[in-house]
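Undergrad: Quick one: the structure is below, questions incoming.
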Amino acid sequence: MQELTIRRPDDWHLHLRDGAMLEAVLPHTSRHFARAIIMPNLVPHVATTAMAADYRARIEKALPEGDDFTPLMTLYLTEDTDAEDVVAGHRSGEITAVKLYPAGATTNSHSGVRNIETVYPVFERMAEAGVPLCVHGEVTDPEIDIFDREAVFIERVLDPVRQRFPDLRIIMEHITTSDGIDFVENGPEGIGGTITTHHLIINRNAILAGGIRPHYYCLPVAKRESHRLALRRAATSGNRRFFLGTDSAPHIDPAKESACGCAGVFSAINTMACLAHVFEEEGALDRLEAFVSLNGPAFYGLPANEERIRLIRRDEPVQYPERIETGLGPVTVFDPMFPLHWDVVQD
Ligand code: DOR
Ligand code: ZN
């Protein structure tokens, strides 16, 4: 039996949804994680600081008794976003970051940004005020192959924004390509990147080879193996620019197992077990804490958590549920396709 004690982790990209779904999924994150960046792609989207404050209150109300968890709220950037509301919301501590969805890129992104230059005045104020920008980095141009959308986004949107606003803190979220890794690794200070658990484990074969497997479909879609290996190298390198954002994104099974299934992988339950497995495979267990507990807060200018969690490697595989019930329907849990031996224990 092997053991590892690390500071309590944070999740720098999480979908909690609302109502019954929020109640069902939140305990699986708050059990292990101290904080999470909460995605604003609800219906209606979280457009203002006042809406973020209401949403935060609903999350806090749904928290299991005794769980110590801080939701870090984000605003959904639209072409009508009021920069002064953003800055005031950040200054008051109500919001931690702003989220850029290119319109049409993913779930509930239709109110997102169509023409990036229309939001440049907001970026200017954010850069001055030190408000970080979380980015869904995919173009929506139908001419661009879905597997190339991240690389083209970097070239057409992200790099120009970075050059125009050198002081803007940017998080390239859920990186899925070596192009994304290169962009973050070689960029100036102030550029960070999150990597999901599932993108460290699956490549696109998981979705498409031997049958179509909707529970592995997410956006950005998993890429070929060479990209997965680049993500593994970055995540396990200890490089301070890379940190965990699970992008755990629950959808009920009928919405996934459909002729036009939703994008999203629900991994909140077994994320830490999966990550310990990956870092162990890479001979990098000593760098797991940097990825899940240290690099993220350092980037956001927040203290690392003082509490610890203990990971234990059991000889027998640990059983995680295949799906959870939510009141709206079942949600399938991410299956890494290997037995999980790691267990998280709270002291
Ligand atoms: O797979 C995804 N699911 N990617 C996203 O960008 C959104 C998310 C969701 O909200 O379901
Ligand atoms: Zn997401």
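Any Cβ shown, glycine's included, is placed from N, Cα and C.
TrEMBL does not curate its annotations; it predicts them automatically.
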Undergrad: Besides His15, Leu16, Arg17, Asn41, His136, Leu219, His251, which of Ala151, Ala206, Ala263 does TrEMBL list for that substrate site?
TA: Ala263
Undergrad: Radius 10 Å, atoms counted are CB only; among the binding-site residues Leu16, Asn41, His136, Asp247, Ala263, which position scores highest?
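TA: Ranked by Cβ atoms within 10 Å, first place goes to Asp247.
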Undergrad: Just to verify a number: CA distance, Leu16 (substrate binding site) to His174 (Zn(2+) 2 binding site), in angstrom, no decimals.
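TA: About 16 Å separates the two Cα atoms.
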Undergrad: If the criterion is a C-beta within less than 6 angstroms of any ligand 2 atom, which of the binding-site residues Leu16, Arg17, Asn41, His136, Asp247, Ala263 pass it? List them in sequence order.
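TA: Among the binding-site residues listed, those whose Cβ sits under 6 Å from ligand 2 are Asp247.
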Undergrad: Ligand 1: which of the binding-site residues His15, Leu16, Asn41, Ala263 have a Cβ closer than 6 angstroms to it?
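TA: Close enough to ligand 1 are His15, Asn41, Ala263.
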Undergrad: Using Cα-Cα distances with a 10 Å cut-off, which of the binding-site residues Arg17, Asn41, His136, His174, Ala263 are near Lys99 (Zn(2+) 1 binding site)?
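TA: Near Lys99 (Zn(2+) 1 binding site), where near means Cα within 10 Å, the binding-site residues are Asn41, His136.
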